[in-house]
């Protein structure tokens with residue numbers, strides 16, 4: 001009993017019952033929201049302001065004093081003001097000496113100044129301990145209890161003890177501190193909130209470009225061509241038919257592009273005979289955004305499923321079915337069931353369902369809440385083995401569905417191949433090269449290289 005009790009006490013955090021007073025310079029939106037959260041977490045809060053009059057916006061349990069008086073009451077001072085107003089701190093240098101100054105400011109654009117705001121503050125007040133934190137959290141997130149926003153708070157500073165004090169405050173607010181090292185990391189931390197989906201730019205622009213190309217391609221062949229040569233107005237295809245052709249094509253190509261950089265990496269490593277040389281920059285960036293490419297591909301696949309499910313509701317489909325029934329009735333002839341066609345239809349539907357199921361499984365396992373609960377081998381099995389199986393099933397689904405048009409002259413309008421033929425180029429190339437790479441004569445040396453073996457060690461970098 002005593003042994004267990006001692007173990008429990010050893011694991012318990014050593015936190016004082018009464019928290020230290022925290023001073024906040026600045027009564028703007030963020031300063032007020034941060035002060036409110038700190039008061040709720042048990043911290044006494046004192047505001048340093050030019051005006052000591054109590055405002056209705058200030059948390060009622062907080063004290064408002066002049067900057068000098070407020071600074072004397074706390075060892076930790078949060079600077080919730082913009083960089084251009086830092087000059088008022090210079091006369092307070094002696095009062096702020098030895099105190100922890102938490103810089104939470106952001107800029108309006110990337111690398112706006114030669115040095116970070118936190119480094120500039122440290123230059124102004126060399127006797128203080130400057131820590132960068134809280135700049136990645138918004139006032140709205142604090143007011144909503146951080147339930148609808150990221151909980152990560154990047155922290156950096158040159159003084160380990162000061163940094164630990166700030167990280168304790170972060171934890172007390174229900175946030176997750178992430179130590180980014182010395183104050184040299186402040187520039188990167190300040191740039192972080194200004195980046196708009198940095199890992200999504202290439203996948204989104206690539207998807208938009210390919211979607212536009214394939215949409216115009218289908219528009220030319222399915223609407224413009226039929227209007228010019230067949231005098232049929234199929235302009236309504238723009239709403240459902242063409243998107244339902246573009247979406248599966250985009251899903252299949254983007255899924256293949258997820259695994260294509262791995263193929264390039266394997267070929268480069270085999271050629272070099274080592275894994276200790278950096279890949280080209282374009283390949284590095286491509287490999288880093290594979291998750292985003294896969295999620296966009298899943299979105300296109302999901303749209304394809306929805307478009308397919310609503311197909312029976314379309315007036316054009318009902319008209320075509322009714323026309324076939326009336327034609328059989330007028331001819332007094334019922335067309336027999338073609339078992340070959342039925343097999344092909346059921347096969348490509350089954351392949352599509354299985355491929356989409358694995359596709360969804362890949363998307364689910366890419367979520368942090370799921371991937372954090374599996375080990376590396378399990379994650380790799382799902383993302384690699386099941387990923388390639390999904391690519392095989394989706395490629396087979398497209399082959400079975402559109403393969404009948406390969407040898408049909410009517411499929412080559414304006415001598416251009418059908419869109420389904422174009423969609424098979426990249427995935428088939430990926431699968432063929434991957435099939436070659438799994439041969440023992442190729443896979444064995446590649447595995448040795450990835451385990452550290454080098455063909456020419458003296459040329460390794």
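The backbone N, Cα and C atoms fix where each Cβ goes, glycine too.
All TrEMBL annotations are machine predictions without curation.
Positions annotated as domain 'Pyrroline-5-carboxylate reductase catalytic N-terminal' by TrEMBL: 21-107.
Counting residues 6+ beyond its ends, the transmembrane segment (204-229) has Cβ neighbours under 8 Å at 197, 235, 237-238, 241-243, 245-246, 249-250, 253-254, 257, 292-293, 296, 300, 413-414, 416, 418-419, 422 in the same chain. What TrEMBL lists as transmembrane segment is 204-229 (among others).
The annotation transmembrane segment is assigned in TrEMBL to 249-271 (among others).
Feature annotation from TrEMBL assigns domain 'Ferric oxidoreductase' to 249-393.
Annotation source TrEMBL lists transmembrane segment at 292-313 (among others).
Summarising the annotation, TrEMBL assigns transmembrane segment to 347-365 (among others). For the transmembrane segment (347-365), the list of distant contacts is 251, 255, 294-295, 297-298, 301, 305, 371, 374, 379, 382-383, 386-387, 389-390, 393-394, 396-397, 400-401: same-chain residues at least six beyond its ends, Cβ to Cβ under 8 Å.
Per TrEMBL, the feature transmembrane segment maps to 386-407 (among others).
Here TrEMBL flags 419-442 (among others) as transmembrane segment. Panel annotation: around the transmembrane segment (419-442), residues 214, 217-218, 221, 245-246, 248-249, 252-253, 255-257, 259-260, 263, 266-267, 270, 388, 391-392, 394-395, 398-399, 401-402, 405-406, 411 of the same chain, lying at least six beyond its termini, place a Cβ under 8 Å from a Cβ of the stretch.
Across the domain 'Pyrroline-5-carboxylate reductase catalytic N-terminal' (21-107), mean pLDDT in this model comes to 88. Across the domain 'Pyrroline-5-carboxylate reductase catalytic N-terminal' (21-107), DSSP assigns 32 helix, 19 strand, 36 coil.
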